[in-house]
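A.B. asks: My structure is below; once you've seen it, I'll send some questions.
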Amino acid sequence: MDANTTRNESFSLDCELVNPNSTLANVYFLSAVYSMYAIIFVVALIGNSFVCYIVLSSPPMRTVTNFFILNLAIGDVLITLLCVPFTSVSLLMQYWPFGGILCPVVNYSQALSVFVSAYTLVAISIDKYMIIMWPLKPRISKRFATYIIALVWLIAGITVLPSATFTTLINDENILGTSAYEQCDKYICAEEYSKVGQEYGDLYTKVLMFLQYVIPSLVLLFTYTSIGVVIWCHRIPGEAENSRDQRIAKNKTKMIKMMVTVVCVYTICWLPYNVLMIFKEHISGSVMVYLYFPLHGLAMSHACYNPIIYCYMNARFRNGFLQVMMSIPCLRRCNSINDISKILTCRWKVRRVHLYREITRAQPTSA
């Protein structure tokens, strides 16, 4: 009787455990990780929501490049909503607490949003490459840009479709640490390739990493390197030399610098995590805990940086951010924000007047 009672108490205790890992049970470690993900979630969601609002609410901001930036912001919002909360909670608890229906849906949406962001960066780089290399040819239209964006979503959706097909709730003793989780109705959400062979699953995972990071990085490296060589080493073919065209060329250069910064941040944020995923089989579990969360957090934090880059390096986005902030009642009373907004608005009006005068002077006068 006593033995049965002891076994029952032990089983009850196992079911109440959040996870068997002593590191993940440490309150300071949990607090640090949850704080990191909470900051990423708030900053990324607010920043990218501002970007979406600025582009959609302001007709002058509805350019081809900004349409791509809008799509990039939407992808980052999805990453923020789907990757950060679900992944962080399930990893810290070491089981999937959200039910069987959400398991494949969330896993597919996570992969989709990451691929959309990567492919959108590629689309922007190709657009800039064509503008610089063939400046006399007409730019792609806004309608054609929407077709490209739709194609990005379609290709990304097809690419990650197997991840949804093979994602299910499973019990893995190597991850959960004990088979008692199965009896306690605690599972992990993961891709299960036992029906087709685990070697095919490993191959698909490597192909995904190649398509999500390696190929986009190579394309971005080629396009922006070529653009840099043309801008800083040669005069752009067909580029006029009057002040109006020089100002336009300067604006192009600023936009390209901004997008190069976005690409560099993307590469820096995702490279360590992808390297970790390649060598994860050769890393012990105790070390993996300390490596995974900082590097996964770095990759997820990529969604935070783009709005900051836009605000810092683009006057229109910066003014748009300030206008949105001024529309918030509690911030409207802040004199410093109000003064900055007035200064930037005045500068923008002065620039428009100068540009109008230059265009007027460049027009031929009638005899």
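Each Cβ is built from the backbone N, Cα and C atoms, and glycine gets one as well.
If you look up Swiss-Prot, you'll see Asn4, Asn8, Asn21, Asn107 marked as N-linked glycosylation site, on the strength of sequence analysis. Marked as topological domain 'Extracellular' by Swiss-Prot on the basis of a curator's inference: 1-35, 88-113, 165-212. Per Swiss-Prot, the feature topological domain 'Cytoplasmic' maps to 57-66, 135-143, 234-258, 304-367. Annotated transmembrane segment per Swiss-Prot: 36-56, 67-87, 114-134, 144-164, 213-233, 259-279, 283-303, in sequence order, evidence recorded as sequence analysis.
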A.B. asks: For the topological domain 'Cytoplasmic' (57-66), DSSP counts of helix, strand and coil?
C.D. replies: 7 helix, 0 strand, 3 coil
A.B. asks: Are the transmembrane segment (283-303) and the transmembrane segment (36-56) close, by which I mean at least 3 Cβ pairs under 8 Å that are 6+ residues apart in sequence?
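C.D. replies: Result for the transmembrane segment (283-303) with the transmembrane segment (36-56) is yes.
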A.B. asks: Ranking 67-87, 114-134, 144-164, 213-233, 259-279 by the number of C-beta pairs under 8 Å to the transmembrane segment (36-56), which range is first?
C.D. replies: 67-87
A.B. asks: Which listed range (67-87, 144-164, 213-233, 259-279) shows the maximal number of Cβ pairs under 8 Å with respect to the transmembrane segment (114-134)?
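C.D. replies: Ranked by Cβ pairs under 8 Å, first place goes to 213-233.
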A.B. asks: Show which residues of the chain containing Asn107 (N-linked glycosylation site), separated from it by at least 6 in sequence, have their CB under 8 Å from its CB.
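C.D. replies: Those within reach of Asn107 (N-linked glycosylation site), by Cβ under 8 Å and sequence separation of 6 or more, are Ser163, Ala164, Thr167, Cys189, Glu191.
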A.B. asks: Could you break down the residues of the topological domain 'Cytoplasmic' (135-143) into DSSP helix, strand and coil, giving a count for each?
C.D. replies: 2 helix, 0 strand, 7 coil
A.B. asks: Which residues, given as numbers and ranges, are at least 6 beyond the ends of the topological domain 'Cytoplasmic' (57-66) yet have a Cβ under 8 Å from it?
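C.D. replies: Contacts with the topological domain 'Cytoplasmic' (57-66): 124, 127-128, 139-142, 145, 255, 316, 320.
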A.B. asks: May I have the DSSP-based helix, strand and coil counts for the residues of the topological domain 'Extracellular' (88-113)?
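C.D. replies: Taking the topological domain 'Extracellular' (88-113) as a whole: 18 helix, 0 strand, 8 coil.
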